[in-house]
Amino acid sequence: MTSQPSLPADDFDIYHVLAECTDYYDTLPVKEADGNQPHFQGVTGLWNLGNTCCVNAISQCLCSILPLVEYFLTGKYITALQKFLLPSDCSEVATAFAYLMTDMWLGDSDCVSPEIFWSALGNLYPAFTKKMQQDAQEFLICVLNELHEALKKYHYSRRRSYEKGSTQRCCRKWITTETSIITQLFEEQLNYSIVCLKCEKCTYKNEVFTVFSLPIPSKYECSLRDCLQCFFQQDALTWNNEIHCSFCETKQETAVRASISKAPKIIIFHLKRFDIQGTTKRKLRTDIHYPLTNLDLTPYICSIFRKYPKYNLCAVVNHFGDLDGGHYTAFCKNSVTQA
């Protein structure tokens, strides 16, 4: 899902990018394919190389995200890769991904092969090269992690902090952060408030991630909002789930509540349909309803960071089958054709 406000299709200068790369200046970049059928750039199929539907579905969704496409088509990734003195596995993944995006947006074919990209990632994760069903969420996380590792830059900043003592003393510390096109687009941060139910002292913990996994609260039917409310409701951790309290200096029952302290430009939801409990595994077939536009995350934003984010749907990965086998497909909104 992409954040609003909803802007024209050329927000990320994609028409200018396509024009520079292909020398076409039509209102919509269209090529005549075989059979006199129009071929829209960015609307390109991927060959199934033998149970690679997971790879193809994720690639199609990433291909529909304009700022990511613009970053690779304009060659900005090359500058980021130049920090490597020697070729690395993650730089090969980034280069292969760039070639795939180029084929899908600037190529003449109705269908192209993802083999180079698939092989580059398979060198790092051999499990993905096996002729068996893979998990789309795991594949997506691996792709985003490798792209981030290849393209990241280091930023150094000085932040003010206070040391406890008889008198509080202000000091400045250097903070190192890593940023990339991946963190700029997809990174989200959750803030957990953890309250000890004995001393009632509160501590905070932050968690950063790119894929937001949501529980499914109903067996039959629910909405995406129901999934969000289930995730953000306050949880009581008791018995074997007690957390160590630094004030009581022992494990105590606690109340934990999460809120969003950094909302991403593009949010990725993973619906936890695969349920494994002990030796029992199953797929939840709950019907989940979600809005196409104006998904409002305001109720879940940390109050001091409130920015009223709203999101429009841009792509969905579907899975047909069960845990042992099935097929992945993708529905994507093309940012150029708006279809």
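Each Cβ is built from the backbone N, Cα and C atoms, and glycine gets one as well.
In Swiss-Prot this protein carries:
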ACT_SITE  Cys53  active site, nucleophile
ACT_SITE  His327  active site, proton acceptor
DOMAIN    44-339  domain 'USP'
Surrounding CB atoms that lie within 10 Å of the CB of His327 (active site, proton acceptor), all protein chains: 14
Distance, His327 (active site, proton acceptor) to the residue listed as 'active site, nucleophile' (CA atoms, angstrom): 7
Neighbour count (Cβ, 10 Å) for Cys53 (active site, nucleophile): 22
Collapsed DSSP category at Cys53 (active site, nucleophile): helix
